[in-house]
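The next block holds one structure in the form of structure tokens; read it before the comments.
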Amino acid sequence: MPRPIKASIHTAALAHNLDVARRHAPNSKVWAVVKANAYGHGIENAYPGLRDADGFGLLDLDEAVRLRELGWAGPILLLEGFFKPEDLAIVDKYGLTTTVHSDEQLRMLETTRLTKPLNIQLKMNSGMNRLGFAPERFRAAWERARAISSVSQIVLMTHFSDADGERGIAHQMETFERGACDVPGERSLSNSAATLFHPAAHGAWVRPGIMLYGSSPKGLEVTAAQLDLQPTQTLEAELIGIQDVPAGGSVGYGSSFVAETPMRVGTVACGYADGYPRVAPTGTPILVDGVRTRTVGRVSMDMLSVDLTPVPQARVGTSVTLWGRGLCIDEVAASAGTLGYELMCAVARRVPIHAV
Ligand SMILES: *Cc1c(COP(=O)(O)O)cnc(C)c1O
């Protein structure tokens, strides 16, 4: 008997959220970002819902190969590019598009013979200070890339640090325009937040990730529902035990929760080894039999506890929703002091995951 826990991936919701991205950026092509195993959904599970994208963006060569094996013949963008000269053989074999953000990558391209033309996205560091050429060196990097015989199309790329926040993108747009002012080529600038909130940055390509998975880049400030985004990952388990806890009784490790009055507490077959955040405190929202209630006490490795006061009908075997349909992942994330991104990516391998 498998443990009663599973993650369901909602194919129609993925397709819907991709449409929302298209609605916001109607004149742009969409790189659907499927890095980190499609934000924890599984490339194989996410692909059927996202196959109307113009291309897929990811990091790992093996994920790119899996997409090709699923039948995707269109563009695939390596968001961090390649790492070693030998990676270029796979880039070449599978016809991948690569980000080029460093002199080391340019050198590898200059010294490796490829069999087909290679499309690249040349990345500028416009202020985030992770990857990319400095703005004043961008033109020179472009000239150098253009001189490489295997390099075909060069798209100009950057990435925003604050598209979801108060600082916004103006300072980086200004830097980007300065560094790229006399460099021809399509632009690829926008993550989900810029796709949703900064139309001026759309360009020829947008690169939404998190919004495709039904989580808002602004968390609870502008909710997924307000953005018309639907949940794509529902994590469900069941009650595997029920305790009548007397007033003064404690629940779980460290006795961090003490019942003030007699109460029924349910034990759920989901813990931090399944990817549920251990830091989620008492009071984190959770659904039991579709009824909203709260977690109580510490999350343990394989189990967590819930207050059954509002769910008198609950029995062993009653279904529990940790997040997804009926409970936005961003609410659980906010309670745990993190983002929907981290929760959906963290679903553990021991949790069976299926597209529905
Ligand atoms: C992850 C990533 C994205 C997508 O970001 P979201 O915030 O998930 O939309 C876009 N571009 C690059 C380069 C990325 O690494």
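Cβ coordinates come from backbone N, Cα and C, glycine included.
The Cβ of Lys35 (active site, proton acceptor) lies under 8 Å from the Cβ of Gly57, Leu58, Leu59, Asp60, Glu63, Leu79, Gly209, each of these being in the same chain and 6 or more residues away along the sequence. Annotated active site, proton acceptor per TrEMBL: Lys35 (among others), in sequence order.
Residues annotated as N6-(pyridoxal phosphate)lysine in TrEMBL: Lys35.
Its Cβ taken as reference, Met301 (substrate binding site) is surrounded by 12 other Cβ atoms within 10 Å in the chains shown. The feature substrate binding site is assigned by TrEMBL to Arg130, Met301.
Residues annotated as domain 'Alanine racemase C-terminal' in TrEMBL: 232-356.
Long-range neighbours of Tyr253 (active site, proton acceptor) (same chain, six or more residues apart, CB within less than 8 Å of its CB): Gly297, Arg298, Ser300. In three-state terms derived from DSSP, Tyr253 (active site, proton acceptor) belongs to a helical segment. What TrEMBL records for Tyr253 (among others) is active site, proton acceptor.
Within 10 Å of the Cβ of Arg130 (substrate binding site) there are 10 other Cβ atoms, across all protein chains. For the domain 'Alanine racemase C-terminal' (232-356), the model gives a mean pLDDT of 98. Applying DSSP to the domain 'Alanine racemase C-terminal' (232-356) sorts its residues as follows: 19 helix, 47 strand, 59 coil.
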